[in-house]
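Visitor: Got a structure here, written out as structure tokens. Questions coming.
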Amino acid sequence: MNPYILTALLFGLGLGTTITFASSHWLLAWMGLEMNTLAIIPLMAQHHHPRAVEATTKYFLTQATAAAMLLFASATNAWLTGQWEIQQMTHPLPVTLITLALALKIGLAPVHSWLPEVLQGLDFTTGLILSTWQKLAPFALLLQIQPANSIILVALGLASTLIGGWGGLNQTQLRKVLAYSSIAHLGWMILVLQFSPSLTLLTLLTYFVMTLSAFLVFKLNKSTNLNMLATSWAKAPAITALTPLILLSLGGLPPLTGFMPKWLILQELTKQDLAPTATIAAMSALLSLFFYLRLSYAMTLTMSPNTLAGTAPWRLQPSQFVLPLAVGTTTTLLLLPLTPAAVALLVL
């Protein structure tokens with residue numbers, strides 16, 4: 001892609017998110033979300049592959065549906081209450097509609113089925129943008145409206161953690177596994193959204209860091225399915241040794257970074273007298289942990305049947321810029337000791 005066009009599209013992505021962040025009026029927020037969607041579509045379709053075009057079409061249709069629903073709900077709110085302000089959502093009908101529209105935008109269960117299909121048709125770089133940056137604007141709106149109907153948020157959160165765990169169990173395609181992982185993590189964030197918005201933000205940030213590391217590892221190895229992971233030893237031995245730790249951090253095992261948000265969320269849910277919800281969420285984390293372990297096993301404990309002839313790839317100079325991967329991996333593995341600092345910031 002022409003670098004000028006790429007720069008313009010990335011600028012459009014950033015501008016759309018910033019407009020949504022800064023807006024207090026529903027029409028401005030809607031406009032920011034639309035700019036976001038329209039900026040990423042050329043990035044998704046740039047490879048001119050049937051799968052990429054199919055994924056782009058599916059993404060466009062779901063985002064357009066969610067945007068129309070959002071506009072309809074905000075107009076309904078203006079009709080019922082005379083308010084276009086984002087923080088003046090008082091009527092339960094538009095609040096529920098907007099919550100569901102934003103759930104469709106970010107891919108929460110039960111309106112999640114587009115996400116694995118779309119992610120499977122993209123390359124890892126665009127998939128990373130879709131899994132991280134594209135979640136920011138809808139989350140900013142969810143944090144601002146603070147839906148009073150807690151049952152909806154808890155139901156969406158539990159459904160997402162369970163479906164995100166179950167859906168990934170039988171997958172062999174890495175991008176689909178990462179999509180279900182994304183759904184499960186979003187479920188954890190939505191569960192605690194109404195009780196501790198700052199904890200939701202902390203979880204979102206740690207999810208971004210862990211997902212960045214996972215996507216960059218698979219991009220470096222050029223692995224798209226489970227079987228291709230077995231050749232990682234010959235390509236990048238050091239990264240292959242660290243990848244299981246990145247995956248287990250995504251699963252939320254101590255003493256890795258991913259344990260911190262899950263631990264704090266379970267603690268908060270218990271404080272709010274939602275022990276059964278916390279128990280179901282903790283059990284669903286075991287489902288996710290299983291498929292992360294499966295990926296770790298395929299990558300480190302199985303050997304590829306074919307021997308690589310000639311110069312081993314790891315003797316060559318790396319063709320990709322690996323600094324983001326180094327920084328991402330370090331933060332993915334080593335931030336747990338900073339939990340007291342995070343808790344102190346949450347209280348502030």
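Glycine is no exception: its Cβ is also placed from the backbone N, Cα and C atoms.
According to TrEMBL, the record shows the following:
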- 23-287: domain 'NADH:quinone oxidoreductase/Mrp antiporter transmembrane' (DOMAIN)
- 60-80: transmembrane segment (TRANSMEM)
- 92-115: transmembrane segment (TRANSMEM)
- 151-170: transmembrane segment (TRANSMEM)
- 177-195: transmembrane segment (TRANSMEM)
- 201-221: transmembrane segment (TRANSMEM)
- 233-254: transmembrane segment (TRANSMEM)
- 274-293: transmembrane segment (TRANSMEM)
- 289-341: domain 'NADH dehydrogenase subunit 2 C-terminal' (DOMAIN)
- 321-347: transmembrane segment (TRANSMEM)
Visitor: At a threshold of under 8 Å on Cβ distances, which of 151-170, 177-195, 233-254 pairs most often with the transmembrane segment (274-293)?
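Guide: Top-ranked stretch among 151-170, 177-195, 233-254: 151-170.
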Visitor: At a Cβ cut-off of 8 Å, and with pairs 6 or more apart in sequence only, do we get at least 3 pairs between the transmembrane segment (177-195) and the transmembrane segment (92-115), yes or no?
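Guide: Between the transmembrane segment (177-195) and the transmembrane segment (92-115), contact is present.
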Visitor: So which of 60-80, 92-115, 321-347 has the most C-beta pairs under 8 Å when paired with the transmembrane segment (233-254)?
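Guide: Of the candidates 60-80, 92-115, 321-347, 321-347 scores highest.
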Visitor: Does the structure show the transmembrane segment (151-170) and the transmembrane segment (201-221) touching, where I'm treating 3 or more Cβ pairs under 8 angstroms (sequence separation 6 or more) as a contact?
Guide: no
Visitor: Residues of the same chain, at least six outside the transmembrane segment (201-221), with any C-beta under 8 angstroms of its C-beta?
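Guide: Distal contacts: 124-125, 127-128, 131-132, 135, 139, 143, 174, 178, 181-182, 185, 188-189, 192, 228-229, 231-232, 235-236, 239-240, 243, 246-247, 249-250, 257-258, 260-261, 264-265, 318, 320, 322, 324-325, 328-329, 331-332, 335, 342, 345-346.
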Visitor: Restricting to the same chain and to residues at least six past its boundaries, which positions have a Cβ under 8 Å from a Cβ of the transmembrane segment (92-115)?
Guide: 33, 58-59, 62-63, 65-67, 69-70, 72-74, 76-77, 80, 134-135, 138-139, 141-142, 145, 147-149, 152-153, 156-157, 159-160, 162-164, 179, 182-183, 186-187, 190
Visitor: How about long-range neighbours of the transmembrane segment (60-80): same chain, 6 or more residues beyond its ends, C-beta under 8 Å?
Guide: 26-27, 30, 33-34, 37, 41, 89, 91, 93-95, 97-98, 100-102, 104-105, 114, 118
